[in-house]
There are 2 protein chains.
Amino acid sequence: MLKFKILKQSNKSNGSDHCRARLGTIATDHGVIDTPIFMPVGTLGSVKAVSVEELDNCKAQIILGNTYHLYLRPGCDVIEHMDGLHEFIRWNKPMLTDSGGFQFFSLAKLAKFSDEGVAFQSHIDGSRHMFSPEKAVEIQMILGSDIMMSLDWCIGYPADEKQTMEALNKTTLWAKRGFDFWQEKGAVNNLFGIVQGGMYKHLRTLSAEQLTQIDFPGFAIGGLSVGEPKEFMYEMACHTLPLLPANKPRYIMGVGTPEDLVELVGMGCDMFDCVMPSRNARNGQLFTSKGTINIPNAKFRFDKGPIDTDCNCYTCQNYSRSYLRHLYKSRELLAYRLNTIHNIYYYLDLMEKMRDAIKQDRFLEFKREFYSKRQK
Amino acid sequence: MLKFKILKQSNKSNGSDHCRARLGTIATDHGVIDTPIFMPVGTLGSVKAVSVEELDNCKAQIILGNTYHLYLRPGCDVIEHMDGLHEFIRWNKPMLTDSGGFQFFSLAKLAKFSDEGVAFQSHIDGSRHMFSPEKAVEIQMILGSDIMMSLDWCIGYPADEKQTMEALNKTTLWAKRGFDFWQEKGAVNNLFGIVQGGMYKHLRTLSAEQLTQIDFPGFAIGGLSVGEPKEFMYEMACHTLPLLPANKPRYIMGVGTPEDLVELVGMGCDMFDCVMPSRNARNGQLFTSKGTINIPNAKFRFDKGPIDTDCNCYTCQNYSRSYLRHLYKSRELLAYRLNTIHNIYYYLDLMEKMRDAIKQDRFLEFKREFYSKRQK
């Protein structure tokens, strides 16, 4: 069972800037992770383009798997036969799986939501399936993730209050049923609840109140990064994070840019996941301490330097921007790997730097430095 | 300068089966390679899907780069600025570059052959270019390969005697001019001549006679694997190999299957290159000691075993057929890498096993065992 320990809690203010960042650890059956943490996304049982050893070298402590995707491919029968997802993909550190809620919103065809759960058609072959809150937990137990997520109804932006309320109510109902099922089964995997409520503060409050009555070992904020303006995302996160129990991990799902991570850690968020570092890498966009660069840009044609002189990743230690540009322009498979290694390292190194700053009680200074480098 | 040493020469017969296999070493400025050797193909400055460290772990001793491709992308100005191909791609072992001859046959648009050289249009953007034999050497000097190849005219199958003769004559003319240019420049890189002559034994003889009058440090047989029936390829190789100087390396270009390598080593060939292990890997076809398998096959869905229980590659040591099938079916980038690692390892391990067999004077026994495993 999960154990969350807070090692340091910041409560500093500096002008208009507040810091509620906190440093902690989450102990799971597959090891201990340091928070705040970023979780690279391994949708289909592989963080696209990189190996588990490379993830290790990028300082990855926990990765995410997608229940919806893995349920469809390779299927639970395969993963069960292969003794769970950890064994199947050869990742022996902690793993979190989402519930499928986000994919019903973003990917599945004709998803129909009812008290019972979600009926949907596969985005691959149109085949019909049904996820109940119990089934979402059951599948994740087969996957064997260390942290499972409760089935939720994630709605897009914009959504009116009525729609948002309906999604919220179902999410709460499903959370209770999923939790009861999990308790009955006595599963060793942990289960987190997901707060919804769209872009309405009072509905976020309501959702948080309802969800936190259930004794989940951790809570997530879902339904952000669904197309809303950035200020709304920050406003909802800032409003909702303090409503979640201080003694349990807080996870904001599907967010975000390096700037988002810095802002949200400052608001007291402990866990993040996002496809951005890996997806952008495959599109040639690389993160650096001075901002993002587009590697296909002609100005890198003769550039002997690394992506980021401040970076200690394998790619920056070995390869020039010129070579990376060439690989990318030539669509060589190695391009996607080398770019992904860099971007994931950048994200995880950023998290480590934030943890160090919190430890030394200098998070606001860190934040100032972070932004000042980017303005150069 | 290249030094070729023959350590063991087999001259055994066994019924109808002869063995002219030989064991040797080729010393270059970037290190010594053991022959017979297979050279993985790194078309655009990367052996597709694998890193240089992975090539090392696959026992790669020398890789091949494609002059035509690298000349077009990233361009010689870039590679010159980056201090040569070795530095650019971070491969510090020997490298061989072809002359472009094969690509004029297979890829370039509207290639026009004259005494002067080859005028062609880029397959990428249709831009017009000209390779003279001197220019082919000059570009390869910029690439900085350890073994450069003379510009040749590679013709397809079928080709009539007149066409074949014309290509042969140009190849000889260009070989002389390329050689003279190379001598004038006093380049440290080595230059090999390429025998042509299509599927005509007497033209192969003629080409070999003309070429071997030029003091190249090594000779290749080109114009095979261009669509001809397998027996013709063996017939031409078997006929031509003994016509090449015994004290210099003999290289058959663009060949072939594991069976081809075994046959041609038995005929006394020292060097090979082929895209087959890497290309087939990307198509899900994997080589094993018992024959090839197609990893997407449904029978591997629940298969916990490795690709090949006899294989010590990274992929076989870590991953199941079930996972590899899943990755491949899901088009995960990791699939291409893991498959390529296995296939290249298989090829290079096969070469090592052949070298061991020659050393122990048991190549014909090795060959029998090789085939008997595949018949099971």
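From the backbone N, Cα and C atoms, a Cβ is placed for every residue, glycine too.
On a predicted model such as this, the values are computed, not experimentally measured, just so you know.
Database features (TrEMBL):
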DOMAIN    B:20-375  domain 'tRNA-guanine(15) transglycosylase-like'
ACT_SITE  B:ASP98  active site, proton acceptor
BINDING   B:ASP98, B:SER99, B:GLY100, B:GLY101, B:PHE102, B:ASP152, B:GLN196, B:GLY223  substrate binding site
REGION    B:254-260  region 'RNA binding'
ACT_SITE  B:ASP273  active site, nucleophile
BINDING   B:CYS311, B:CYS313, B:CYS316, B:HIS342  Zn(2+) binding site
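What TrEMBL annotates, mapped onto the structure for a quick look.
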{"residue": "B:ASP98", "record": "active site, proton acceptor", "Cβ contacts under 8 Å, 6 or more apart": "B:LEU64, B:GLY65, B:ASN66, B:THR67, B:TYR68, B:MET149, B:MET253"}
{"residue": "B:SER99", "record": "substrate binding site", "Cβ contacts under 8 Å, 6 or more apart": "B:THR67, B:PHE131, B:ALA136, B:GLN140, B:MET148, B:MET149, B:SER150, B:LEU151, B:ASP152, B:ILE194"}
{"residue": "B:PHE102", "record": "substrate binding site", "Cβ contacts under 8 Å, 6 or more apart": "B:CYS154, B:GLY222, B:MET253, B:GLY254"}
{"residue": "B:GLN196", "record": "substrate binding site", "Cβ contacts under 8 Å, 6 or more apart": "B:ASP152, B:TRP153, B:CYS154, B:ILE155, B:THR164, B:ALA167, B:LEU168, B:THR171, B:LEU203, B:SER207, B:GLY222, B:GLY223"}
{"residue": "B:CYS311", "record": "Zn(2+) binding site", "Cβ contacts under 8 Å, 6 or more apart": "B:THR288, B:SER289, B:HIS342, B:TYR345, B:TYR346, B:ASP349"}
{"residue": "B:CYS313", "record": "Zn(2+) binding site", "Cβ contacts under 8 Å, 6 or more apart": "B:ASN57, B:CYS58, B:ILE341, B:HIS342, B:TYR345, B:TYR346, B:ASP349"}
{"residue": "B:CYS316", "record": "Zn(2+) binding site", "Cβ contacts under 8 Å, 6 or more apart": "B:PRO306, B:ILE307, B:ASP308, B:THR309, B:HIS342"}
Item checked: Densest Cβ neighbourhood among B:GLY100, B:GLY101, B:GLY223 (binding-site residues), 10 Å radius -> B:GLY223
Next item on the list: Could you put numbers on the helix, strand and coil content of the region 'RNA binding' (B:254-260), residue by residue per DSSP?
Entry: 3 helix, 1 strand, 3 coil
Next item on the list: Let me know the most crowded of the recorded positions, choosing from B:ASP152, B:ASP273, B:HIS342 and counting other Cβ atoms within 10 Å.
Entry: B:ASP152
Checklist line | Cβ-centroid neighbours of substrate site B:ASP98, B:SER99, B:GLY100, B:GLY101, B:PHE102, B:ASP152, B:GLN196, B:GLY223, 8 Å, sequence order | finding: B:PHE104, B:PHE105, B:MET149, B:LEU151, B:TRP153, B:CYS154, B:ILE194, B:GLY222, B:MET253
Margin query: Under a three-state reading of DSSP, tell me whether the residue listed as 'active site, nucleophile' is helix, strand or coil.
Written below: strand
Notebook entry, point to check: So around the Zn(2+) site, B:CYS311, B:CYS313, B:CYS316, B:HIS342 aside, which residues have their CB within 8 A of the centroid of those CB atoms?
Noted result: B:PRO306, B:ILE307, B:ASP308, B:ASN312, B:TYR314, B:THR315, B:GLN317, B:ILE341, B:TYR345, B:TYR346
Check: Mean pLDDT over the region 'RNA binding' (B:254-260): what is the value?
Finding: 97
Note to self: Return only the integer: C-alpha distance in Å from B:GLY101 (substrate binding site) to B:ASP273 (active site, nucleophile).
What the structure shows: 15
Check: Reduced to three states, what secondary structure does DSSP give B:SER99 (substrate binding site)?
Finding: coil
Next item on the list: To the nearest whole angstrom, state the Cα distance for the pair B:GLY100 (substrate binding site) and B:ASP273 (active site, nucleophile).
Entry: 14
Notebook entry, point to check: What whole-number distance in angstrom separates the two most remote CA atoms of the substrate-binding residues B:ASP98, B:SER99, B:GLY100, B:GLY101, B:PHE102, B:ASP152, B:GLN196, B:GLY223?
Noted result: 15
Item checked: Secondary structure of B:CYS311 (Zn(2+) binding site) (DSSP, helix/strand/coil) -> coil
